[in-house]
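Colleague: Provided herewith is a single structure, encoded as structure tokens, for subsequent inquiry.
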Amino acid sequence: MVMGKTFKILDKKGGIPLDGPSLDAQQWAFVQTGLEHLDDGFSIFDANLKLVAWNSKFFELTDFPIDQFGYFGAPFEIFIRYNAERGEYGQFPVEDIIADTVAEARKFLPHTMERERPNGMILEVRGNPMPGGGFVTVYKDITERKTAERALRQANDELEARVQKRTAELKNALDALKISEEQIRLIADTVPALIGYVNKDQIYTFANKQYEDWFGHKPKQLIGRTAREVLGERIYHDQKSCIRAALNGEEASREFVLQLTDGREIHALVSYIPHISEEGEVWGYFVLGQDVTDVRTAEFKFRQAQKMEAIGQLTGGLSHDFNNLLTIIIGNLSVLQEDGEDDPAMQEMINPALDAARRGGELVKQLLAFARRQPLKPHLSDPRKLVLGMRDILQRGVGSQVELSLHINKNVWPVLIDPHQFENSILNLCINARDAMQGVGKVSIFAENVTLKSVFSDRNVDVTPGDYVVISVADNGTGMPPEIMERIFEPFFTTKEKGPNSGLGLSMIYGFVRQSQGHLQVDSQMGEGTRFRIVLPRSKEEQAIDAPQVRTGKIPQGSERILLVEDDPGVRGFTTSSLRRLGYEVIAVSDGHEAIGILEIDQQFDLIFSDIEMPGGLNGIEMMEQIKETLPHIPVLFMSGYPDKVMDQTGQNQKEIDLIAKPFERLELANRVRKALDRNP
């Protein structure tokens, strides 16, 4: 690089100076070096539609062969022909495409567009005309922004390792292209990143338009001002170590949260790259800044999803073991309760224990709901009727000093949900709102139809386009700080006084909504209240509502033969004794292999009653698939405290099988066994 000299813009033959002021080579080097270190591609075509400037990212993003087209003076037409012949513009005559595109380029107008390439890459293309003719175009790969999972894998540090590669290329570029100050400014301002240059005395000598958006100063106002004045005392102090490193000849980067002039907050990644002469003297440093808010938001969502999934797997696994224990405890206590109904002293001991065990069962259900493993009973439901039908119980729940208002639109779309879980969720949200207002305030419930045309994204979820029903519960309470909002869906996390089942309400709602293929969103600010939104997909299927079962009060019995398959000895013992007390003949085995062995010598069974998850490499679903090959019509009733894990692995749906959930009592066991037998006479 030749510093301190000036150059004129020459024509393509290098002989006749073109109009335009002289330019210090150092100024162009500042911009060119900065542009080459960005992730965006750019190109400049002159008034004769000849390529006069570019960076390597331009060829990388567009897949033009740089060895064929990457030379000064390459005609615009060959780029269009190359794209047309490989089908980038669709199936139209090549010559027509070239003629139309070249004609549009000659009357070039400012524009911003998105173009999806055949290879799936999505480019944001921004073009601006050049003074005196020609145009500059910036190409940005926005594929990862459009595709959230790819954005999570986006490398975030590409700005830090590219600065010392282009000294020789810059000299060649300066010899081939001398450009005016006005054109430099246009290019620098088109790039969506912060570009600046600060000399060794910490005085700004160059700044692009992004400085106005970030710091509220026009670029012309920054020239001659110190870095401390431009950044402000707080940011300068935060960045001081990076500035000191750059002035010592070392690259440095720092990420921080910056409030823009319009009030928005962004995550800014700023790199400080030293400008070192050939003699090793530090002349100053380049400032390259990029808004990485989208990347950080995507990373947060990914971490949050991983955390919730890990907690869900843990709680689901624990719930399976607890359900086996509770089946034994509740089952045997209920038998003792029936046998000792004439003994008040025995009932006085049994009843509290049985109530406590049942509460344990409800606790496990809440944990399974969070883990999205609790079997739901979905029905085609009208959210409007469900919410309006809860008005009285909701008012009692929030208390007389809380104003409850319902804003339920007519003709709310149907959704496929478990109505009981939905009602529990709404009631829980209202009670939480009451507590947040300390029993005095206003709670509003809204239900409306929403059609999303594009992906809606907030800090927690991405909602894909489609039709949704949104049920909102809003309060005017104290609100929540960000550190609380990040943890509110974790089981047992609570800001209230600890009590029975405290901290499970929101986790249960979260699990129910996600298991219903919906999303749960929350907005809250300190002092302004909180709003929860349950976003449920519109259901377009028709489904009959099951008729309510009539309870007769009589325990059904029978004398049929039942093959019981259960690996837990306690559950197997309780179930065997209970079925025998009901009159059935029971053969009990501990795993699927043993059951298949029994059926090979004795097929005279009326029902197979089997656990789903069992050891030995053969679960209940797989066992029945083998049995059905020889006994296709034998009825089967499954039991499980954690069915989804195996069902996910086998592809079975809970609607397709007959299932009783653990823990179960003797009456429920009797009803379900009798129903399974009567369904298959």
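Every residue gets a Cβ built from N, Cα and C, even glycine.
Note that the structure is a prediction, hence the values are computed from the model and not measured.
From TrEMBL, for reference:
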type	residues	note
COILED	145-176	coiled coil
DOMAIN	180-248	domain 'PAS'
DOMAIN	252-304	domain 'PAC'
DOMAIN	317-540	domain 'Histidine kinase'
DOMAIN	561-677	domain 'Response regulatory'
MOD_RES	Asp611	4-aspartylphosphate
Colleague: Return the count of C-beta atoms lying within 10 angstroms of the C-beta of Asp611 (4-aspartylphosphate), excluding that atom itself.
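Modeller: Neighbour count, Cβ to Cβ under the 10 Å cut-off: 27.
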Colleague: Could you give me the DSSP helix, strand and coil counts for the domain 'PAS' (180-248)?
Modeller: 40 helix, 12 strand, 17 coil
Colleague: What counts of helix, strand and coil residues does DSSP assign across the domain 'Response regulatory' (561-677)?
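Modeller: Helix (H, G, I), strand (E, B), coil: 57 helix, 23 strand, 37 coil.
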Colleague: Restricting attention to the domain 'Histidine kinase' (317-540), give the mean pLDDT.
Modeller: 77
Colleague: Kindly report the helix/strand/coil residue split of the domain 'PAC' (252-304) according to DSSP, in that order.
Modeller: 12 helix, 30 strand, 11 coil
